[in-house]
Amino acid sequence: MLALGKLLDLTLAGREPTEKIQLTADGTRLHWLAEGALEVTPIGARDNGVDLLLSAGIHGNETAPIELLERLIRKVAAGTLKPAARVLFLFGNPEAIRRGERYVEQDMNRLFNGRHEEGSGNEAFRAAELERLAQVFFSKTERVHLHYDLHTAIRGSKIEQFALYPWAEGREHSRSELARLRDAGIEAVLLQNKPGITFSAYTYGQLGAEAFTLELGKARPFGENQEVNLERLERSLELLIDGSEEQPDGSRLDGLKLFSVSREVIKHSDHFRLHLDDDVANFTELSPGYLLAEDIGGTRWVVEEVGARIIFPNPRVKNGLRAGILVVPAKL
């Protein structure tokens, strides 16, 4: 197998490859662009006009998605997966991946859409580099631009695999993309309603790609992801890469749960208190009248919505950041 097929090994070792461009036996081009960044270009006769960005490891301890991308890269390098799409593989936060930690200094997935300009340090620099890599990759016009940013969650979830669909002014959510997610094993999608500061929010809002954050189970160390079943997603990505995917049918979205953001819970001070157990699962239902959180100055978050559920509760975020999201069932 080509040396560039071992992108994860190179990244974990912090090494640059001797050869930064290699060709597979059938002419597929592998190009090491930067640490943790590999661009795959199919031979011209097979190119189907799709540009697919696959990122993982924005949080360094979320290893199941990293392992998934590593398997895909190795198949491409070995010639068993023959791309028809251009693919950019990104391991987002190499130093955090090496340490096995969520992040080193700052949560990188809060540093996109210009937020890195307000910060400093390794994660801010890397977020800017990832934006640049994505911008160059998606600069070819008249092509399909698609981005999946793969994650696992700090906690368990009542809905194991779900997606977050960013928002941008004047754009509608795509039914065919929702159908593609459903076919890949995604059980629910959260339709966001304002600009975000995540990697997928950047590629969706600034670069015009169809982009999603995929939450795929609970975060575990390398080699301990047997309970995270990514078989359907992996097969769907292989079909996207080799161009043999059937066009998803967006006319019916049976089996896919849709949610919208009702409110974000923002932590304003060190006095913030979230009235949930530490092990509460994502998508836990909360009854109207429930006192969810309190903060300085008598600020209270009381559940008013019928059918409300909580996702990403985290009272340990920095002041000014989101400590949870209340979501409610939605329709397109």
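Just so it is clear, glycine is given a Cβ too, placed from its N, Cα and C backbone atoms.
Fair warning: this is a prediction, and the values are worked out from it, not measured in the lab.
For the Zn(2+) site that Swiss-Prot gives as His59, Glu62, the extra residue drawn from His151, His173, His268, His271 is His151. Glu215 (active site) counts 25 other C-beta atoms within 10 Å of its own C-beta, drawing on all protein chains shown. Cα of Glu215 (active site) to Cα of His59 (Zn(2+) binding site): a span of 12 Å. Around the Cβ of His151 (Zn(2+) binding site), the same chain contributes Ala56, Ile58, His59, Glu62, Pro65, Asn109, Thr213, Leu214, Glu215, Leu216, each under 8 angstroms and 6 or more positions distant in sequence. Taken residue by residue with DSSP, His59 (Zn(2+) binding site) is part of neither helix nor strand, so it is coil.
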